[in-house]
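What TrEMBL records for this protein:
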DISULFID  Cys409-Cys421  disulfide bond
DISULFID  Cys416-Cys434  disulfide bond
DISULFID  Cys499-Cys517  disulfide bond
REPEAT    104-146  repeat 'LDL-receptor class B'
REPEAT    147-189  repeat 'LDL-receptor class B'
REPEAT    190-234  repeat 'LDL-receptor class B'
REPEAT    235-276  repeat 'LDL-receptor class B'
TRANSMEM  6-29  transmembrane segment
TRANSMEM  34-55  transmembrane segment
Amino acid sequence: MDIVVVVVVVVVIVIVVLVVVVVIVIVVVVAAAVVVVVVVVVVVVVAVAVATAVVREGVENVTPWLVFTNRYYLREISTEGDNQRRIAQGFENIVSLDFDIANDLIYFTDVKKHVVYSIFLNGTNQEVVAKHNVPSVEGISVDWIARKLYWVDGTRSAISVAEMNGTSQLSLLSEGIRRPRAIAVHPFNGFLYWTDWGNPPYIGRMGMDGQNLSTSFITEKLGWPNALTIDFDTERLWWADAHLDIIEYSDLEGGRRHIVMEGVPHPFSLSLFEDTMYWSDWNHLTIESANKWTGADHRVLWNVTHRPMDVHVFHPLKQKPGINPCGSNNGGCSHLCLIKAGGGGVTCACPDYFLLMPDQKTCRASCTNSQFRCGPTDDRCIPRLWRCDGEKDCRDGSDEPDDCRNKTCKSDQFQCDNGNCIPANWKCDFDNDCGDNSDEREDLECEKQECEVGWWRCATNYRCVPNWARCDGEDDCRDNSDENEKNCPVCHSTGDFRCQNRRCIPKRWMCDFDDDCGDNSDEDVSKCRKLKQGKKRWA
């Protein structure tokens, strides 16, 4: 019996020892594996950090430039204001612009031509992106992650989105908007923001897919919120108010507001880079800069003849890379793939005149009697007016068949040689509106045309301009004859004030803190001081 006990004890001891050994071996193996994993992770992290640092160093070595526009041209200037280059010219009224930095493209809008254009930064390959349903695009913003264009339209009072080539347009919002001006998208959090200087003014926020709408995002202490931009480094929203004459920022929830700068006469557009803010000023006709936190180091970088409109800093760090949630199979969507509020997720959306099917991914055309159905390989619907307009709106070109040249235009339209129809008053206006210049051809004898009542004939070309455009400080004729002193209207001897640019304004508009002349000569400090003293003398 004692021997059996001893044997059992020995066996138990051996088993225990074996278990302990096995446990030790397992612990050692696991520890070694953990060490290996940690080492691998550290190596990967270090490699990524080094690669990121190298890439960032390369990006940071890229020189930032400012691109701005006025009515007639796109211009590029250095951030120090000591160098400049004209990118493109010959436009009617450019208001807004934005970039697709990855492709060196500028997107911009001409509100007089009702067109959205794209052009390379070097000024080549100008193309029409959209010319339908864009009557007055005053703000445009590029979603460089999901590859979409967003814009606000003052005439339509709407926020719209489309593909980067202008196709698949969708009106995201058309209610609660009065006078939209600027728009900025944040692809990483999935929200877009816009300013509205209607009554009452507000700054709105909405998901980039049109959901999670808030038109009461920021409503207090606003006058004319014009400019709007996002600081992606600090996650703040910046804007400029042309009535309160301030530049201000908040967090992305509309809280923690802070006024950076006061006494900014009429800011129209705003852009940020690192610790500097840049803006265009209508009253001073300048591009200016200052420290974005304190307003210190205020400088005038560039003086212009005409009102400067949009201004943007062009630099790779302005559009940092990210994962495109629509990158794989267009997010499963047949048409528009839009980033959801919060970022990361997507919503499949349909262009105007299309319906979303129950699968929430596929769109089908829903044509009305006033629309034309493309086909047979394209099922979209387009307005019938787009058929035979010289531009292929259907992907298969079915809206531009060979018989379009036989089309007859309406009585108030002009028939172009290429089949296009344009408003009759666009003929002989010194602009190539047809696309083939047939509206300006010699046999029309444009030089013999008579201007309409209330319009004035330019001196060296056949262009007609409104009487009110004469002597307004802007070369509307393109030969400057509308700014010639002898052609300027005579101001009323008692009731009018003659501006330095020869414009006439009512004397009661003097010294009202508004640039009615366009050159600010009605707000001249010395004149206003004398006027104030005179009023006191007779009070």
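Cβ coordinates are placed from backbone N, Cα and C, and glycine is handled just like the others.
Nobody curates TrEMBL annotations by hand; they come from automatic prediction.
On a predicted model such as this, the values are computed, not experimentally measured, just so you know.
Distribution of TrEMBL features across the structure.
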residue : record         : Cβ neighbours (10 Å)
Cys409  : disulfide bond : 16
Cys416  : disulfide bond : 23
Cys421  : disulfide bond : 19
Cys434  : disulfide bond : 22
Cys499  : disulfide bond : 23
Cys517  : disulfide bond : 23
Tally of helix, strand and coil residues over the repeat 'LDL-receptor class B' (190-234) according to DSSP?
0 helix, 24 strand, 21 coil
Top Cα neighbour of Cys434 (disulfide bond) in the set of disulfide-bonded residues Cys409, Cys421, Cys499, Cys517
Cys421
Using only C-alpha positions, which one of Cys409, Cys499, Cys517 is spatially nearest Cys416 (disulfide bond)? These are the disulfide-bonded residues in the record.
Cys409
Taking only the Cα atoms, work out how far Cys409 (disulfide bond) lies from Cys517 (disulfide bond), in Å, as a whole number.
41
Other same-chain positions with a Cβ less than 8 Å from the repeat 'LDL-receptor class B' (235-276) and lying at least 6 residues past its termini are 64, 66, 68, 79, 182, 184, 186, 189, 191, 193, 195, 197, 203, 205, 217-218, 221-229, 282-284, 289-295, 297-298, 307-313, 315, 317-318, 515
If you average pLDDT over the repeat 'LDL-receptor class B' (235-276), what do you get?
96
In terms of Cβ proximity under 8 Å, which residues at least six beyond the ends of the repeat 'LDL-receptor class B' (104-146) contact it?
67, 69, 74, 76, 86-88, 91-98, 152-156, 160, 162, 164-166, 169, 180-185, 187-188, 192, 194-195, 208, 228, 310, 314, 319, 322-326, 337-339, 346, 352, 383, 386, 391, 393
Alpha-carbon spacing, Cys517 (disulfide bond) to Cys421 (disulfide bond), which is rounded to whole Å
38
Rounded Cα-Cα span from Cys421 (disulfide bond) to Cys499 (disulfide bond), Å
41
Which residue counts does DSSP give the repeat 'LDL-receptor class B' (104-146) for helix, strand and coil?
0 helix, 23 strand, 20 coil
Provide the three-state DSSP residue tally for the repeat 'LDL-receptor class B' (235-276): helix first, then strand, then coil.
0 helix, 25 strand, 17 coil
Per-state residue totals over the repeat 'LDL-receptor class B' (147-189) - DSSP helix, strand, coil:
0 helix, 23 strand, 20 coil
